[in-house]
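Taking it in order: structure first as structure tokens, then the write-up.
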Amino acid sequence: TEGPYFYIPMSNATGIVRSPYEYPQYYLVYPAAYAVLGAYMFFLIIFGFPVNFLTLYVTIEHKKLRTPLNYILLNLAVADLFMVIGGFTTTIYTSMHGYFVLGRLGCNLEGFSATLGGMIGLWSLVVLAIERWVVVCKPMSNFRFGENHAIMGVTLTWVMGLACTVPPLVGWSRYIPEGMQCSCGIDYYTRAEGFNNDSYVLYMFVCHFLIPLVVIFFCYGRLLCAVKEAAAAQQESETTQRAEREVTRMVILMVIGFLVCWLPYASVAWYIFTHQGSEFGPLFMTIPAFFAKSSSIYNPVIYICMNKQFRQCMLTTLFCGKNPFEEEEGASSTKTEASSASSSSVSPA
């Protein structure tokens, strides 16, 4: 059922469909489902906010973390905070009411904030992959990665994020309630007259999913080849072989994290776009959105907390200036000292 600035994925033959801006949507799912949605958003906030805020705080506290290669990690933390503050808090409030109680303006603001945070996070992973490839594989022999390059990378993420999220505010597509009608996103559902949804969805799918996917696979594929070649040249070195295994495991983890975050959402959005008019349950789009929003937790875990340098500084900050695991961390780093330069450049952080 399509109405002004909303789309409900069910027929209104019985006359029960109501505007998600004005009435609870309990006819879509049981009221308990909205409580589960609110609880899940609360879970993302209480875990996502501290770990991302701590990343920024620890970087301010420890000068050695303020290196050009870490700029993009800080940007990733900012993007996740944008999602947490601008998107998740709103969804908790609306799920308590069972509909998008904040109206059309609130839908635009929530859809813009959550999508912008997600897009900046996505492009941060792309820039991170490019930076690791450039530093480790050295495709440009005389190139030296510096602060200006790091700032350019961060700027690119915001430009691409805004290039994705601003058009729906000015008439190229639009933000509408989606899933259980308690949060807003891009209109993949309709071909509403005057919004050119078809061209926008194609642009979104190609420029903000396929291209990032290809770039990430290419960069990490080349990086793995470079690490394996280095390990093959030093077959006698146990530390090099261990470093290769660590890097391989980390790259696989990073790629899986990206796919878990964006593949379900992009696939379902594309299916809905190509099967417009067909009926589907409200959970059909809600569940993939859960995966995308969960990135505010597992992105910092993969890319920041698994970074030895960040982890040591975080523990030092949390334990008031002393890292209780310092001896273990030191022993671990000593074992891989011979390959520390390459592994630190490769690891997600």
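Glycine too: its Cβ is placed from the backbone N, Cα and C atoms.
What Swiss-Prot records for 1-33 (among others) is topological domain 'Extracellular', and it gives a curator's inference as the kind of evidence. Counting residues 6+ beyond its ends, the topological domain 'Extracellular' (1-33) has Cβ neighbours under 8 Å at 97-101, 103-104, 107, 174, 176-177, 180-182, 187, 189-190, 192, 279-285 in the same chain.
Residues or ranges marked as N-linked glycosylation site in Swiss-Prot: Asn12 (among others). Listed in sequence order, Thr1 are the same-chain residues six or more apart from Asn12 (N-linked glycosylation site) with CB atoms under 8 A from its CB.
Annotation source Swiss-Prot lists transmembrane segment at 34-58 (among others), citing similarity to another entry. Residues 26, 65, 73-74, 77-78, 80-81, 83-85, 88-89, 91-92, 95-96, 98, 180, 182, 286, 290, 293-294, 296-297, 300-301, 304-305, 310, 313-314, 317-318 of the same chain lie 6 or more positions beyond the ends of the transmembrane segment (34-58) yet place their CB under 8 Å from a CB of it.
Per Swiss-Prot, the feature topological domain 'Cytoplasmic' maps to 59-70 (among others); the stated evidence is a curator's inference. Model confidence over the topological domain 'Cytoplasmic' (59-70) stands at 88, taken as the mean pLDDT rounded to a whole number.
The transmembrane segment annotation in Swiss-Prot covers 71-93 (among others).
Feature annotation from Swiss-Prot assigns topological domain 'Extracellular' to 94-107 (among others); the stated evidence is a curator's inference. Listed as Cβ neighbours of the topological domain 'Extracellular' (94-107) (distance under 8 Å, sequence separation of 6 or more from its ends, same chain) are residues 5, 20-26, 31, 34-35, 37-38, 41, 175-177, 180-184.
Taking all protein chains in view, 26 other C-beta atoms sit within 10 angstroms of the C-beta of Cys107 (disulfide bond). The disulfide bond annotation in Swiss-Prot covers Cys107-Cys184.
Residues annotated as transmembrane segment in Swiss-Prot, with similarity to another entry given as evidence: 108-130 (among others).
Sequence annotations record features per position, and here Swiss-Prot assigns topological domain 'Cytoplasmic' to 131-149 (among others).
Beyond its flanks by at least six residues, the transmembrane segment (150-170) meets 68-69, 71-72, 75, 79, 108, 111-112, 115-116, 119-120, 123-124, 126-127, 130-131, 186-187, 200, 204, 207-208 of its own chain at Cβ-Cβ distances under 8 Å. For 150-170 (among others), the entry in Swiss-Prot reads transmembrane segment.
Outside the topological domain 'Extracellular' (171-199) by six or more residues, the chain places 2, 5-9, 20-21, 25, 28-29, 33-34, 37, 87, 90-91, 94-95, 98-100, 107-108, 110-112, 114-115, 269-270, 272-273, 276, 282-286, 289 with a CB less than 8 A from a CB of the stretch. Swiss-Prot lists 171-199 (among others) with the feature topological domain 'Extracellular', giving a curator's inference as the kind of evidence.
According to its DSSP assignment, Asn197 (N-linked glycosylation site) is helical. With a 10 A radius on its CB, Asn197 (N-linked glycosylation site) counts 23 other CB atoms from all the protein chains. The N-linked glycosylation site annotation in Swiss-Prot covers Asn197 (among others) and is backed by sequence analysis.
The transmembrane segment annotation in Swiss-Prot covers 200-221 (among others).
For 222-249 (among others), the entry in Swiss-Prot reads topological domain 'Cytoplasmic', with the evidence type a curator's inference.
The feature transmembrane segment is assigned by Swiss-Prot to 250-271 (among others).
Under the heading topological domain 'Extracellular', Swiss-Prot lists 272-283 (among others), citing a curator's inference as support.
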Under 8 Å between C-beta atoms and at least six residues away from its ends: which parts of the chain pack against the transmembrane segment (284-305)?
9, 37, 40, 44, 47-48, 51-52, 55, 73, 76-77, 80, 83-84, 87-88, 114, 117-118, 121, 125, 128, 178-180, 183, 185, 253-254, 257, 260-262, 264-265, 267-269, 272, 311, 314, 348-349
Mind checking which of Lys293, Cys320 has the fewest other CB atoms within 10 A of its CB? They're the recorded positions.
Cys320
Counting by DSSP secondary structure, give me helix, strand and coil numbers for the topological domain 'Extracellular' (272-283).
4 helix, 0 strand, 8 coil
Going by DSSP, is Asn12 (N-linked glycosylation site) sitting in a helix, a strand, or coil?
coil
Contacting positions for the transmembrane segment (200-221) when only residues 6+ beyond its ends and CB under 8 Å are counted:
119, 122-123, 125-126, 129-130, 132-133, 160, 163-164, 167-168, 172-173, 186, 188, 251, 254-255, 258, 262, 266, 269-270, 273
Could you state the CA-to-CA distance between Asn197 (N-linked glycosylation site) and Cys320 (S-palmitoyl cysteine) to the nearest Å?
53
